[in-house]
Structures are given as C-alpha cells and as structure tokens.
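Participant: Pasting a structure here, questions to come.
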Amino acid sequence: MGEGDTLRLFILRHGQSELNHENIFCGWIDAHLTKKGRDQARVSARLIKAYCENANIAIPQVGFTSRLVRTQETMESIADELNMIPDFHIVTNLTDGVELIQKTIEKGKLRVLQTWRLNERHYGSWQGRRKPDVLKECGKDNYMFVRRDYLGRPPDADLDREMIDEHDDKGSLTGYYFKEPNRKQMYKAEEAAGIQLPSSESLFDVVQRSKPFLDKVIIESLKSNGGCAIVVGHGSTVRSILKVIQNISDEEIKDLNIPNGIPLVIELNPANKKFIRQFYLDPESAKISAELVRNEGFA
C-alpha cells in the first residue's frame with residue numbers, strides 16, 4: 001500500500017436471517033441465515049471483488065464479525081465466493097486484536113476477528129417477540145423511541161426466562177418465540193475475561209462498546225493489511241460505526257436505516273484516518289431495502 005493510498009472499509013449488515021424473515025426482534029438470539037441471506041452474502045462478495053478489480057486494489061485479507069452466527073455465516077459465504085479460507089479468532093480484549101491484525105496472513109486465507117463488541121444491540125425483553133405485537137402493546141411513540149432514538153432502551157431481559165437453560169434447549173413457555181443462547185456456554189471466553197455483558201441496550205450503549213474496537217483494532221488493521229478490510233455487523237453496529245466515523249449527530253442517526261447484505265464502502269484519509277466519503281456498491285437495492293427496514297413492525 002502506497003503512502004497516499006485511500007483506506008477502505010467494506011461494511012455490511014449480515015444477510016437475511018431466520019428472524020428477519022419472521023419480523024422478530026433478534027438482538028442476541030443466534031438466528032441462522034436463510035437461503036436468501038446466503039445468496040445476499042455471495043452477491044456482496046461479487047460486488048466487492050468487482051470493485052477491487054476496477055480500483056486496482058487487493059481483495060481484503062482481514063475481516064471482522066460479531067459473535068453471532070448470522071455474521072459468521074455471512075462471512076463464510078463471502079470468503080467462499082472469493083475463493084478464500086476463513087480463519088476465525090474469538091477476541092475478548094483489544095490487545096489480542098491488535099496482535100492478530102499484525103501477524104502475517106497466509107495467502108488464500110481471510111483472517112476474521114470475532115468480538116461481542118460488534119454484536120447486535122441487545123433488545124432486552126423485546127427479543128424473540130414479533131415487532132407488530134410489541135408495537136401494539138407499547139404504542140407507536142414508545143416503540144419508535146426505543147427503536148430509533150439514540151438513548152432509547154427497551155426493558156431489561158429477564159435472562160432466567162429469556163435465555164436457553166443450560167440443560168434444556170426446547171425453547172420458551174413464557175410467550176417468547178425464540179430465546180438467547182445460554183451465556184455460560186456461548187460466551188465462555190468473555191466470562192473468563194470478566195466482561196459484563198448487557199441485558200438491554202440503547203444505540204448509545206452500542207457505540208460505547210464498539211468504538212474502542214473500531215478505533216484500536218479495525219481502523220488500525222488498515223495500516224498493515226493492504227489498506228482495506230471487511231466488516232460484517234448488524235443494523236445497530238453498522239449505524240454505530242457510521243456515527244463514529246462520520247460524527248453523525250444524535251438526531252440524524254434516528255433516520256439512518258441499514259439494509260441486509262449490501263456492501264457499503266467507507267473511504268478514509270490515510271494520514272489522519274478521517275472520513276472522506278461513502279457509497280453502496282448497489283445503491284438502488286440499498287435504498288429500497290433501507291425503506292423496508294424503516295417500516296418494520298408497521299406492515
């Protein structure tokens with residue numbers, strides 16, 4: 001990478017998941033991709049490859065996902081389409097992340113760092129519930145405040161009821177269609193590191209947990225890995241990243257909606273890492289899909 005070369009992040013929300021399809025608040029519930037979601041990921045990979053070829057830049061060798069399976073499956077499909085082998089690493093602290101991005105990457109591999117800091121916003125007691133049901137129960141004003149306001153936070157989850165029991169994964173008898181994986185099983189590394197995981201979050205909370213990883217690991221990775229990387233996140237984590245990078249106001253962030261499975265290119269100045277511009281690799285599809293996201297729960 002030349003000194004004056006632009007830095008690029010290819011950021012996308014995971015492909016359609018089983019709960020996106022059902023119009024259910026997903027949050028930290030570990031939903032798999034649908035066939036459509038896997039297809040979206042493959043199309044994303046082709047868009048990224050075509051862009052890199054046209055711009056005469058190398059395909060990214062570093063990627064980042066959350067700890068949730070829908071982002072991992074999206075990255076797996078992207079890597080497969082790019083004829084690369086994904087190499088996943090769970091990262092619990094920033095120091096380990098920095099060390100991993102500095103290590104030499106074997107040709108043909110895509111090193112992927114997975115962190116809870118890129119998890120979807122925790123939707124508290126709304127997780128596993130159908131959006132139209134929540135809208136009807138709490139009213140439009142409160143529903144939109146929690147969903148879109150920067151400080152809007154749903155009621156805390158009662159994890160004794162809303163989390164899969166260690167010895168019983170048959171699901172919920174308490175009105176929840178789906179439940180969050182048991183944290184003692186899924187987040188052993190985080191628990192061992194003494195990390196306090198949330199039981200509900202606002203977008204503000206998501207920014208607070210994702211920003212250190214964005215600043216210290218993701219953006220720093222661009223200096224030693226060809227100037228580009230792929231980030232597969234969720235609606236709220238992508239919004240958080242864009243808010244930080246572009247310094248979007250608390251008011252303006254309310255109206256930002258992120259479509260599933262369409263890569264957004266973020267260009268940064270190599271000298272100071274400041275934002276230059278952004279654009280979707282399929283702008284028409286992104287516009288249509290973002291509008292559908294905006295209206296979730298009202299259909």
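All positions are counted from 1 along the displayed chain.
Even glycines carry a Cβ here, placed using N, Cα and C.
Quick paste of what TrEMBL says about this protein:
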ACT_SITE  His14  active site, tele-phosphohistidine intermediate
ACT_SITE  Glu120  active site, proton donor/acceptor
BINDING   13-20, Arg70, 120-123, Lys131, 147-148  substrate binding site
SITE      His234  site 'Transition state stabilizer'
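How buried are these features, and what lies next to them?
Facilitator: Neighbour density for His14 (active site, tele-phosphohistidine intermediate): within 10 A of its CB lie 33 other CB atoms from the protein chains shown.
Of all Cβ atoms in the shown protein chains, 27 besides its own fall within 10 Å of the Cβ of Glu120 (active site, proton donor/acceptor).
Counting every protein chain shown, 26 other Cβ atoms lie within 10 Å of the Cβ of Tyr123 (substrate binding site).
Residue environment of His234 (site 'Transition state stabilizer') contains 26 other Cβ atoms, counted within 10 Å of its Cβ in all protein chains.
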Participant: Restricting to the chain of Arg70 (substrate binding site) and a gap of 6 or more, list residues whose Cβ falls under 8 Å of its Cβ, or answer none.
Facilitator: His14, Gly15, Ser17, Cys26, Asp30, Ala31, His32, Leu33, Gly37
Participant: What residue among the binding-site residues Arg13, Gly15, Leu19, Arg121, Arg147 has the most other CB atoms lying within 10 A of its CB?
Facilitator: Arg13
Participant: Among the recorded positions Leu19, Arg147, His234, which ones place their C-alpha within 10 angstroms of the C-alpha of Glu120 (active site, proton donor/acceptor)?
Facilitator: His234
Participant: Using Cα coordinates, what distance in whole Å links Arg147 (substrate binding site) and His234 (site 'Transition state stabilizer')?
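Facilitator: Cα to Cα, Arg147 (substrate binding site) and His234 (site 'Transition state stabilizer') are separated by 14 Å.
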Participant: Tell me, which binding-site residues from Arg13, Arg121, Tyr123 are within 10 Å of His234 (site 'Transition state stabilizer') if we use the C-alpha atoms?
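Facilitator: If one measures from the Cα of His234 (site 'Transition state stabilizer'), the binding-site residues that come within 10 Å are Arg13, Arg121.
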